[in-house]
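Asks: Encoded as structure tokens, here's the structure I'll be asking about.
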Amino acid sequence: MAFATSSFWGPVTSTTEWCEQNYVHSSYIAEFYNTISNIPSIVLALVGLVIALSQRFEKRFSILHISNMILSIGSMLFHATLQRLQQQGDETPMVWEMLLYIYILYSPDWHYKSTMRTFLFLYGAVFAVFLSQICFDIGFKLHYIMLCLLFIPRMYKYYILTQDKPAKRLAKLYVLTLFLGLLCWLGDRLFCNKNSHWYFNPQGHALWHSFMAFNSYFANQFLIFCRAQQRGWNPRIAHFLGFFPYVKILKPKSQ
């Protein structure tokens, strides 16, 4: 949307804009609320990383939390600048993160794990190069939805195989935050013309960021629980600061 003050970054070059008036609060931040709403994602990913390192989970989960932070930082830069280069810095980590989720979900039953890692790495690298050369906004969204559809059935399988009620609650919170986030995202896209004339803009895309921060956190903890069960680490759900659920494990002494 048109900006109200001078722009430090110059004209918008990204292929996508959201329902927030540009440069209202600062000449350095194009979409103020869409930018700062990524902070919860960084904080929750950092909490998850600290827990993962303190309990010595597999490295894949530390990498997963770091990828959540990288994605959030890329999103902040994109919404702050609305430049094409920063848009790539948001969209490329989105795909890389989904490839990492796919690896974590499917690798336990994959007989050729090194082949799977190599394929996903090359897929991510080729995609990054392709995205840097060609703008395909609708194609990117369809591609990302396809990756998400590969993610959901496996999560459902893990859910029905899990008997622990607190762990199943994590999966339900994952679904709830995803549903609420999608409602906010769709509302922001479909009713932008109406929202922009309201006295108070609900900032649907910023709410999407906030819900997805918790969505990623719940998904990560649920996956950690399932993996800990596979490894025989006796996982249970505990709570950090009396609120944030996390997985506490007890590894056999031999490990």
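Backbone N, Cα and C atoms are what each Cβ position is placed from, and that goes for glycine too.
Because TrEMBL annotations are produced automatically, they should be read as predictions rather than curated entries.
Straight from TrEMBL, here's the annotation block:
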type     : residues                   : note
BINDING  : Trp18, Glu20, Asn22, Glu31 : Ca(2+) binding site
BINDING  : His79, His205, His209      : Zn(2+) binding site
TRANSMEM : 32-54                      : transmembrane segment
TRANSMEM : 61-82                      : transmembrane segment
TRANSMEM : 119-136                    : transmembrane segment
TRANSMEM : 173-191                    : transmembrane segment
TRANSMEM : 206-226                    : transmembrane segment
Asks: In sequence order, what residues of the same chain, 6+ apart, have a Cβ less than 8 Å from the Cβ of Glu31 (Ca(2+) binding site)?
Replies: Trp18, Glu20, Asn22, His79, Ala80, Leu82, His205
Asks: Between the stretches 32-54, 61-82, 119-136, 173-191, which one has more Cβ pairs under 8 Å with the transmembrane segment (206-226) than any other?
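Replies: So the stretch in question is 32-54.
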Asks: Apart from His79, His205, His209, which residues in this chain have a Cβ no more than 8 Å from the mean position of the Cβ atoms of those residues at the Zn(2+) site?
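Replies: Here the nearby residues are Trp18, Glu20, Glu31, Tyr33, Asn34, Thr35, Ser37, Asn38, Ser75, Ala206, Trp208.
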Asks: Could you pull out which residues elsewhere in the chain have a CB under 8 Å from any CB of the transmembrane segment (173-191), counting only those six or more residues past its ends?
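Replies: Hits for the transmembrane segment (173-191): 18-19, 155, 202-205, 207-208, 211-212, 214-215, 218-219, 222.
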Asks: Between His79, His205, His209, which of the binding-site residues has the fewest other CB atoms within 10 angstroms in the structure shown?
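Replies: Counting other Cβ atoms within 10 Å of each of the binding-site residues His79, His205, His209, the minimum falls on His205.
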Asks: Across all the protein chains here, work out how many other Cβ atoms are within 10 Å of the Cβ of Trp18 (Ca(2+) binding site).
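Replies: The answer is 22 other Cβ atoms.
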